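Enquirer: Right, I'll just put the structure down here and ask away after.
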């Protein structure tokens, strides 16, 4: 089976938006107009094709990025292949957004015409800047009360610090919004609002003629700056033709010099088709963006993979989902080469082989089996054993690791327990499945209490995972209050000489160990044996190490795991009959418990690196508030029109921060935080914690 669409005719793009900007409705409309969907699902009544997890339909927010393939015939009569990646719009899911931005070539940023640029839009826009993603802006909901296209355009400049390039103007607003002026063709496009109706092309309304001329003039001035020859011609009085103008806008958009702005209302079916034409005309094909960089596994040097079927195969796994019919699905973007069913590939991150069994092309709620896929494709692979999000799969003869995605450490933990015995086993399976899908979610069990602890990126993040457990895996669970992950360590050296003896008829137990416990700079545990002359036989030494390691998980103060301890076995004694590995294990365990007390145990707390991005007006409040949370401000800097405040703050003081920040800045500031290091807890605080956990 040969390639059906040339790679130049692919558009891999996503739609990024604030939580209520109408993204799901827009995606639905796109799927309808591109012929994949016969009945439109409205988020208003909770039935939409792209949001395919129940909670999303209930909460009306998009959580998982589903990838969809569809087709559109452009203005030139040629069909293009669209791969649309749906991205979530809630701040606790920004990890999903980052993940999908990695595999996109371009994006449409949706704005709500009434609200303009909202806080979440700023966050996602910044993430897209980081990956240098070409973007267009669609000002949606033009039919809403208070819709203001011109204010939204102004906010793209003032709030996002980006260059806005309107290529359309709205005709009317709110209830009177009927269509748009196309500033390239200088025609009016109007719609009667019936679903799927084509636009009526007519003359620009007389009362808008001057405004249209003024905006077209601005459009041309910005566009010709992209190209020297066009600039010279323009200065000599030669205007670019409409096709030349489109080519200039395309070039500037792909180079992220400016962002074309369109408008309409997806819900009322006005402005959708011109947006699809703009995707073809302005957003990049895989061949228009720089080749993806990676590390050559054999030489450890940087290498690239061109978007071509002839290049060695390389692909990135960017999402894992559980499908009720197919089981685990790994969504991958093929950057180079050609993938055939049945081949065996190398997972270079894990150093394991994977065989490609079933390959699926996904529509948001249906799927088709395929036998091969090409550079630029986004495919779902069923039944991969080793691959997790962010892994590279490639040709075993030309191994490469495409840039690793970096996932922040979870910052919040809660204890979770099954309601009934029957739920116990199901809960284990459910949590492991969810952790495989989402690298920012971790599961562990607390040795002391035997409780299962789940950790994630925020309170909403964990809420939704617990909810999914209930629905998808039918597990009922009780959830505790959020907790901080404390640690313990020692502050000075201590030497312990401990003898373990037990005699009760038959063979007894005997072991004596002399160990020095001391602090060291790392977080790990170091064990060293300095036994000479066989006072402890070689075969018993691993027992000493194992004994100490087995109790490192619960420190003497409040039962938290120990960090940064070095143990040196310097002497000991054994008995020919009564000594055993087990006896030495028991002796070293007791020696450690005694040693940790003597070596000045102390409590450590996680310190978070907090970055707050806030409008100038709220900087004072933000800094004052961080100081009151035992925070240390490490600096402030200007970023575009906002100010970035960097600080180190104990996690224990960051619970509920999202709400305080929201009210402090009227929802305009955002923050990110990730774990940085552990630090001793101040004495007063430490005593409270010990009381609580004693």
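Using the three backbone atoms N, Cα and C, a Cβ is placed for every residue, glycine included.
Annotations per Swiss-Prot:
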type    : residues              : note
DOMAIN  : 8-287                 : domain 'tr-type G'
BINDING : 17-24, 86-90, 140-143 : GTP binding site
Enquirer: In three-state terms from DSSP, label residue 23 (GTP binding site) for me.
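Expert: For residue 23 (GTP binding site) - judged by DSSP and reduced to three states - the answer is helix.
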Enquirer: Could you please provide the mean pLDDT value for the domain 'tr-type G' (8-287)?
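Expert: The predicted confidence over the domain 'tr-type G' (8-287), as a mean pLDDT, is 83.
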Enquirer: Give the number of CB atoms, excluding that of residue 17 (GTP binding site) itself, located within 10 Å of its CB.
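Expert: Total other Cβ atoms inside 10 Å, all chains included: 27.
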Enquirer: Near residue 142 (GTP binding site), which residues of its own chain have a C-beta under 8 A away, given they sit six or more steps off in sequence?
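Expert: Correct list: 113, 149, 170, 173, 174, 177, 263, 264, 265, 270, 271.
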Enquirer: DSSP three-state call for residue 87 (GTP binding site): helix, strand or coil?
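Expert: Coil, per DSSP.
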Enquirer: Let's check the environment of residue 23 (GTP binding site): how many other CB atoms sit within 10 Å of its CB?
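Expert: Summing over all protein chains shown, residue 23 (GTP binding site) has 28 other Cβ atoms within 10 Å.
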